[in-house]
Each structure stands twice: as C-alpha cells, then as structure tokens.
Amino acid sequence: MPRNPQLNKNGELIHLLSTEGLPRDILTHILDTASSFVSVSDREVKKVPLLRGKSVFNLFFENSTRTRTTFDIAATRLSADVYTLDIARSSTAKGESLLDTIANLSAMAADIFVVRHSESGAPYLIAQHVAPHVHVVNAGDGRHAHPTQGLLDMYTIRHYKKDFSKLSVAIVGDVLHSRVARSDIHALTTLGCPDVRVVGPRTLVPSDLSHLGVRVCHTLEEGIKDCDVVITLRLQNERMSGALLPSSQEYFKSFGLTTERLRWAKPDAIVMHPGPINRGVEIESAVVDGPQSVILPQVTFGIAVRMAVLGIVAGNEA
Amino acid sequence: MPRNPQLNKNGELIHLLSTEGLPRDILTHILDTASSFVSVSDREVKKVPLLRGKSVFNLFFENSTRTRTTFDIAATRLSADVYTLDIARSSTAKGESLLDTIANLSAMAADIFVVRHSESGAPYLIAQHVAPHVHVVNAGDGRHAHPTQGLLDMYTIRHYKKDFSKLSVAIVGDVLHSRVARSDIHALTTLGCPDVRVVGPRTLVPSDLSHLGVRVCHTLEEGIKDCDVVITLRLQNERMSGALLPSSQEYFKSFGLTTERLRWAKPDAIVMHPGPINRGVEIESAVVDGPQSVILPQVTFGIAVRMAVLGIVAGNEA
Amino acid sequence: MPRNPQLNKNGELIHLLSTEGLPRDILTHILDTASSFVSVSDREVKKVPLLRGKSVFNLFFENSTRTRTTFDIAATRLSADVYTLDIARSSTAKGESLLDTIANLSAMAADIFVVRHSESGAPYLIAQHVAPHVHVVNAGDGRHAHPTQGLLDMYTIRHYKKDFSKLSVAIVGDVLHSRVARSDIHALTTLGCPDVRVVGPRTLVPSDLSHLGVRVCHTLEEGIKDCDVVITLRLQNERMSGALLPSSQEYFKSFGLTTERLRWAKPDAIVMHPGPINRGVEIESAVVDGPQSVILPQVTFGIAVRMAVLGIVAGNEA
C-alpha cells in the first residue's frame with residue numbers, strides 16, 4: 001500500500017490535499033492549532049511572525065475571490081509574502097503545462113502552493129512533483145475535496161458542540177456535486193461522529209452515497225429530525241434548471257431550510273453554510289440571520305484554520 | 001434629528017462618507033494631520049507603523065485604478081495589510097448581496113473598508129451595518145461624493161492660499177454630474193470660503209445649483225474673473241456628444257482653460273484638476289504644464305490626506 | 001555624443017534599459033551583486049532590508065504574468081512595497097498619456113518603475129522624464145530589449161562556464177523578433193565572448209544580423225557545432241504558420257533541439273531557454289528535462305539578478 005501523500009514518513013502533515021485518509025490525531029492537531037490562532041485576528045496587531053519571509057503562491061486555476069482572500073489573509077497574518085498569479089492570463093494560457101508552471105515557480109523558491117483547480121486530483125499531481133521542502137494546500141479541486149472548508153466546519157461544530165461522539169449531523173443539498181460535502185463527511189466519520197446524513201432529491205443525493213458511511217435521506221424532515229447540526233450547501237446556478245432540478249423554487253419548496261422546518265432538528269441545533277448563500281433558495285433569510293445560524297463564525301474560524309494548516313505544513317519536511 | 005453617521009457620540013470621525021455635514025474642526029483636523037504625513041513620502045523609509053497589522057479592504061465596485069492605487073499606497077505607508085478584491089469576479093457577481101459580502105469580510109476581521117460604488121449612498125448603507133470597530137471610507141459613490149478628493153483639494157488650496165476666508169474659487173465643467181464638485185463645494189463653504197462659483201453651460205451647470213450656496217456662471221470669463229483658484233473638472237467621454245454637449249471641441253471653444261483666458265483670474269491664481277486630464281478638452285496643455293498648475297502637488301497631497309483619513313478613523317470607535 | 005541614459009555622470013547605473021551600451025564593468029558588477037543574492041532565497045527568512053519602505057511600481061502595458069511575478073518576488077525579498085497596476089483598466093485606457101501616468105505615479109513618490117511595453121523605446125521615454133531619484137527598469141520593450149533576461153542568461157553562463165573569453169554560444173530560433181536574443185548578443189559581445197552564432201531559417205535569421213557581430217547560420221548543425229552554450233528561443237505562436245514559417249512541425253524538423261542533435265555541440269554544452277517552453281516545437285522534452293538543461297537554474301538566478309538590478313539602481317542618483 002502506498003504511503004499517504006499528505007504525510008511524511010513520521011506521519012506528519014506535509015500537504016493538505018483531502019480530509020480523506022487523514023488520521024484523527026492530525027485532524028485534532030489542526031483544530032487545536034487553529035484554536036490558538038483565533039485570537040490573533042482580535043489583536044491590535046493581527047500578525048504573528050511564524051511564516052516571515054516565506055513565499056506563498058495562490059494558484060487559482062478556477063476563480064474564487066472569497067477563498068483566495070481567506071488564504072491571502074491567513075498567510076499575511078502569519079507574516080508570509082503572498083503572490084497571487086492571474087492564471088487565466090499567464091503562461092499556462094500560452095500552452096505551458098501545469099507541471100512546467102509549478103517547476104518554474106518552485107525555481108523561484110516557493111514554499112507553499114495554495115491550489116484551486118477545476119480538475120479533481122490536480123493538487124495531488126502537483127504534490128507528487130514538488131521538492132521536499134515545498135508544500136501544497138488544496139483550496140478546492142473539482143468535485144473531489146475542499147479540505148480547509150471541511151476543517152473549518154469541524155472547528156465550528158467542535159466549538160459549539162464539543163464532542164463529536166454523540167452528534168447527528170445533516171448535510172442538505174447538492175451532495176453529489178459538492179466537494180464541501182465530501183470533505184465534511186470524511187472528517188466527521190474520522191472524528192467519530194456516529195450519525196451523518198445526506199439529504200436532498202434523488203438527482204442530487206443518489207442512494208449509492210451510502211457507501212461513504214452516511215445515511216441517505218430524501219425528505220428534509222427525515223434528514224434533519226433531531227439532529228444537532230444542519231449544514232446547508234449552496235445550490236449552484238447551473239443545477240437550478242434542467243435535468244437535475246425543475247427549478248430553484250421547486251427545490252426551496254422541498255428542501256429549503258425555513259424557521260418552521262428547522263424545528264424538526266434539536267432546539268439547540270446549529271445551522272451552517274459554506275457561502276456564498278442563495279437566500280430563499282437553499283435557506284430562508286430568517287434562518288441565515290437567526291439565532292441558530294453560525295454562518296459568520298464559520299468565516300472567522302476559517303481564517304484561523306487556514307493559518308493552522310499553513311503553519312503546520314510549513315514546519316514539516318517530506 | 002438623527003446623529004451624523006460619520007461621527008461617534010463624542011463627535012469624532014469614525015467613517016468618511018461625505019464632506020457634507022462634517023464640522024469645520026473635523027475638516028481642519030484632517031488637513032492638519034495630513035500635513036504631518038506629507039514628509040513621510042520623502043523619507044528613505046516611507047513608512048510609519050500607525051496601522052501595523054490592521055486589515056484594509058479595497059472594495060471597488062466601480063473600477064478606478066488611480067484612486068485604488070492611492071489608497072493602497074496610503075494604507076501601505078501606514079503599515080496596514082491591504083487586500084484588494086476583484087469585485088467583478090467575486091461572490092457579489094454570483095448573486096450575493098452587498099451586505100452579505102460586507103458581513104463576510106467583517107467576519108474575517110476587517111478594520112477598514114475603502115469603498116467605491118456606482119450607486120450613490122452605498123458607503124452609507126455599509127457604514128450602517130458594520131461593527132463599532134470597523135470603518136468605512138468613501139472612495140466615490142455615484143454622483144454623490146468623493147470626499148478624499150474634496151479634502152485633498154482643500155489641502156492644496158490651504159497650502160498655496162493659507163486662508164479660506166478671503167478666497168474666490170471657481171469650479172469649471174460638468175458640475176451637475178461631478179461628485180468631486182459636490183465634495184469641494186461642501187468643504188469650501190464649511191471652511192468659510194465666501195465666494196464659490198460653478199461655471200459651465202446650462203446643460204452641465206443648471207441654475208438651481210445655487211441652492212448649494214454657490215454662484216452659477218454660464219460664461220468662463222464671469223466664472224473665473226479675479227478668482228484665486230480655478231478647479232477644472234474632467235469632462236467624461238459620455239458627455240462629449242449628444243444631448244448635453246454638441247462636441248468636445250465646442251466645449252473647449254467656450255469653457256476650455258487656456259493660458260490667455262487664465263489671465264481673467266488673479267495673476268497668482270492656482271489651477272487644479274482631479275485627473276485624469278483630457279488635454280485640449282477641458283484644459284490646454286500649456287496650462288496643465290504651466291507655472292500656475294498645482295495638479296501634480298494635488299496628487300502628492302492626496303496620499304497624505306488619505307493617510308490622515310485612514311489613521312484618524314482607525315483611532316476612533318463608534 | 002549624448003551621455004548613455006542608463007548611467008549618471010559618475011558612470012553609475014541609474015536605469016536598466018538595455019544591455020547595449022553598458023560597459024563591461026557594469027555588467028560584471030550586476031552579476032557579482034546577483035551572486036550575493038542567490039543565497040537569500042535559500043534562507044529561512046528570504047528577505048533583506050535593502051529597499052525597505054521604497055515603492056516599486058510594476059507597469060506592465062503588455063501582459064506577462066511570469067516576468068511580472070519575478071520582479072514582484074525580487075522587490076519583495078528586498079523588502080520594498082510593490083504596487084502592480086492593472087494598466088489595461090487604468091487611466092491610460094481613458095486616454096491619459098503614458099507620460100501623464102508616469103508623472104502622476106511619480107507624484108505619489110514612486111522610487112522604481114518596472115516597465116514592460118509593446119513599443120520599443122517606451123522605457124527610454126519614461127527614463128527621460130523622471131526625477132533624478134526615480135529609476136526605470138526595462139522588463140521588455142517591443143522587439144528591442146529584455147535586459148534582465150539577458151543578464152540572467154549571462155549569470156547562468158558564467159555560473160557554469162566561468163570565463164566568457166573562450167566560449168562559443170549559439171542562439172537558435174526566431175532571432176529577428178526576439179528582444180531576448182538582442183539583449184543576449186549585446187551582453188555576450190561586451191563580456192568578451194569571441195564566438196556568438198545566431199541560428200535559424202532565413203525568414204527568422206536574416207543575413208544582415210551579422211552587423212551585430214555574430215555569425216549567421218542557417219542549419220542547426222553548423223550553428224551549434226562544438227559550441228559550449230545553446231540558447232533556444234521560444235517560437236511565438238503567431239510565427240508558426242503563414243509567411244515566415246510553414247508550420248511548427250516543419251520548424252521542429254529543421255531546428256528543433258533533440259538529444260541526438262545536441263551531440264553536435266560540445267559534450268558538456270549547457271542548454272538554455274527563456275521560457276515558457278513549447279515542448280516539441282523549439283526543443284524536445286527529453287532535452288528540457290535532460291542533464292544538460294539549465295533552464296530551471298536560469299529561473300532561480302533570474303530572481304537574484306533582478307534583486308541586484310533593483311538594488312543597484314536604487315542606490316544611485318541621476
């Protein structure tokens with residue numbers, strides 16, 4: 001069996017590519033480290049010198065201003081130098097291969113590549129080809145994984161619910177196409193969450209997802225009944241009409257999270273969303289802005305989690 | 001009467017949204033503070049640590065490389081970390097609302113938002129919704145206000161003319177559509193300037209502008225006669241033909257500032273322009289580059305004024 | 001005879017516009033200085049404070065993510081503040097002239113302009129108009145010059161071959177349209193290289209190039225026979241079909257560098273390429289990744305050479 005490409009031979013994290021296959025102690029170590037970084041953003045001077053003089057490259061082959069900004073902030077608060085490449089206009093567009101681009105940037109003494117790519121597996125390919133002191137952090141690859149989102153979700157759940165071992169967590173929406181859902185599921189099961197449910201219409205939540213160790217539910221009531229955490233997913237515009245869904249209104253009618261429906265969950269259930277939100281499509285505004293919503297704390301914890309990931313991988317060698 | 005949203009209950013500046021409604025002592029305090037920052041840009045190391053570790057977000061919903069760059073420089077020379085969001089490509093484009101974008105960035109521990117928006121009032125809306133320790137600086141909203149341009153114009157006038165109480169100031173051009181003109185007028189009247197004139201054709205300078213406390217002039221000679229300061233405005237391309245103006249040549253024939261016509265003003269009158277200049281449209285090259293032009297000093301003072309504004313608001317709480 | 005615009009009256013480098021006309025001791029001084037910067041990128045903290053608080057403006061009127069990034073890295077590792085202007089969207093697009101843009105940025109207290117422009121000579125024009133303490137570095141102008149690429153090529157050759165006085169260097173490809181070739185040729189001849197050859201079809205390497213002091217060769221065998229260094233040039237897409245070349249396959253058949261053909265050169269010949277590479281067009285993958293390739297070290301040395309250039313010009317006054 002090949003070694004986990006995310007770990008060195010001492011079992012330390014050198015790349016973050018997926019929450020799948022990461023041992024529980026690594027996940028816990030990231031969350032614990034993030035915990036120490038949450039307060040940095042509250043300080044007068046929101047910086048620590050951990051990555052001073054390191055070169056972090058943001059390589060967003062697929063556009064995402066929001067996620068890119070969170071990594072930019074995280075790296076900057078660790079005092080790294082951040083370089084954002086406008087990939088659409090760069091040599092890759094001139095026909096240079098992904099690996100030639102990486103080889104070139106590595107020759108400029110890059111320390112960390114933060115990579116978003118529309119192709120599942122692109123960050124793995126990069127990780128296989130970098131020098132031992134260079135690190136890769138996956139910021140979302142195709143439908144495959146979005147591990148820092150998964151980790152910030154875990155941080156948020158642990159913050160509000162403390163112990164994973166007694167929780168019921170429902171993930172509602174387009175689970176089939178969601179890298180967030182996949183990263184959440186792997187992290188939750190590794191952290192010992194006994195009841196993970198995926199909830200949505202058959203076109204977006206096919207029954208064979210159960211092989212991931214989750215319960216598949218095709219009604220919202222069954223899906224969020226008595227659960228502690230409801231994670232709503234963003235409904236991508238391209239799914240809102242056509243073969244997979246009749247319309248966004250139809251979706252909202254059956255699976256949109258409203259204040260009323262939220263009563264099916266436990267009274268102290270928290271509501272999460274990776275953003276950006278389509279108000280009135282996957283979730284009602286009253287819930288977004290309501291007392292059970294922890295959507296903005298997720299964003300705050302996201303900075304700390306990304307600081308933790310960058311700090312941890314930078315400290316280890318292949 | 002509601003409290004001025006730019007001031008806290010101690011009357012201190014927490015947001016800069018408009019020069020309108022700002023008391024004279026606040027305006028003077030900004031100019032005095034700017035004065036202490038002018039020399040920073042002449043130093044070997046052009047930096048002061050005032051905003052070290054603060055997060056300044058440039059949110060330019062309407063594009064302006066020039067103004068964005070001046071804020072970037074001002075914040076960087078105060079040692080802040082500056083994040084520029086490519087709004088056109090961001091979540092707002094994905095349908096997220098302005099206030100959701102702001103809430104998200106606030107959750108990332110933003111300290112200051114520098115906002116340019118094509119809708120008048122957008123920065124006010126934002127200011128109403130941010131936490132007490134977060135500040136908003138208007139970098140231009142619709143036709144409404146461009147207060148840092150207004151303030152740098154005041155700085156320039158004070159630098160060359162010392163005392164506002166005896167000055168005649170003419171603002172020439174498309175006053176109707178100009179947020180710069182509006183910000184200048186409010187600042188000039190508050191600072192005690194007794195004679196402010198707006199000058200241009202009736203289509204661009206309608207008579208009812210006189211309610212702003214200015215004299216409306218429809219010939220250049222009357223407009224700049226014996227004045228101390230001539231502020232020429234940029235003629236936007238979209239006005240140069242069609243309903244409001246026959247052509248840019250026609251405009252220049254009647255209102256273009258030439259060396260010859262400048263003799264109508266006082267011999268020591270200064271000539272200003274917010275840039276970028278259309279040479280040969282609103283102003284002749286010989287005047288731009290001539291001895292009475294203070295257009296480049298305006299740019300230099302603009303950095304200092306923006307440093308002052310950022311520094312002052314960051315020091316106050318709502 | 002007018003003074004070399006790159007040097008002050010003490011013969012010190014104040015702008016880097018071209019390798020043409022630079023005396024040998026200046027070239028050698030740049031390479032020696034670069035040598036001291038190579039190790040900076042290997043440090044834990046990859047920074048030196050040489051340009052702390054200086055403002056470096058990247059003005060790329062012609063897009064180049066790669067070259068822009070190398071200058072960004074070089075300036076950042078010298079601790080400068082780097083501002084990158086999105087020129088395509090800026091005031092220049094609004095009709096402001098190049099010199100007005102420069103005058104404005106100078107008024108914001110710029111220290112160094114790094115300029116790429118599609119017009120040959122644009123950086124010279126800028127250099128003629130800046131204040132004595134402001135410096136211009138040419139990052140590529142039209143077909144004219146790309147001096148930092150030329151210098152990093154010289155650094156690479158010196159690193160591997162030590163002494164220029166006994167070398168044969170072949171430059172293969174579209175020499176006619178290549179600013180890299182031009183900068184290499186001037187630097188090589190000034191540094192005393194006795195045998196510089198330009199190699200390619202008559203349409204891309206006309207005979208009258210011999211006035212540059214080089215030998216013109218129209219077959220690859222003659223061109224690289226027994227040489228110590230083979231510099232392959234990128235074949236621009238726009239040349240690959242039409243009047244100048246029948247097709248990229250045809251070009252590869254005659255001038256593409258393969259492992260087999262490389263045997264015509266000396267056994268220890270090094271192979272260089274400015275990037276980005278068209279694998280299988282101007283050079284075979286096996287050569288790019290082979291033992292004689294020094295293409296990635298070129299990239300590494302490029303950072304050090306650009307640090308040296310920025311550091312040197314910033315230390316001198318006109």
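The backbone N, Cα and C atoms fix where each Cβ goes, and this holds for glycine too.
Site annotation for carbamoyl phosphate in TrEMBL covers B:ARG66, B:THR67, B:HIS146, B:GLN149, B:GLY275, B:PRO276, and the matching candidate from B:ARG43, B:ARG52, B:ARG116 is B:ARG116.
Taking every pair among B:ARG66, B:THR67, B:ARG116, B:HIS146, B:GLN149, B:GLY275, B:PRO276, the residues listed as contacting carbamoyl phosphate, the largest Cα to Cα separation comes to 17 Å. Closest to B:ARG179 (L-aspartate binding site) in space, going by CA atoms and restricting to the binding-site residues B:ARG66, B:THR67, B:HIS146, B:GLY275, is B:HIS146.
Residue pair B:GLN149 (carbamoyl phosphate binding site) / B:ARG234 (L-aspartate binding site) shows a Cα separation of 13 Å. In this structure, the C-alpha atom of B:GLY275 (carbamoyl phosphate binding site) lies 7 angstrom from that of B:ARG234 (L-aspartate binding site). Residue pair B:THR67 (carbamoyl phosphate binding site) / B:ARG234 (L-aspartate binding site) shows a Cα separation of 15 Å. Here the binding-site residues are B:ARG116, B:ARG179, B:ARG234, and the one ringed by the most other CB atoms within 10 angstroms is B:ARG116.
Sorting each residue of the domain 'Aspartate/ornithine carbamoyltransferase carbamoyl-P binding' (B:15-158) by its DSSP state yields 69 helix, 26 strand, 49 coil. Of all the binding-site residues in the list B:ARG66, B:HIS146, B:PRO276, the shortest Cα-Cα distance to B:ARG234 (L-aspartate binding site) is found for B:PRO276. In the three-state DSSP scheme, B:PRO276 (carbamoyl phosphate binding site) is classed as coil. Chain C has a C-beta under 8 angstroms from the C-beta of B:ARG66, taken from the binding-site residues B:ARG66, B:ARG116, B:HIS146, B:GLN149, B:ARG179.
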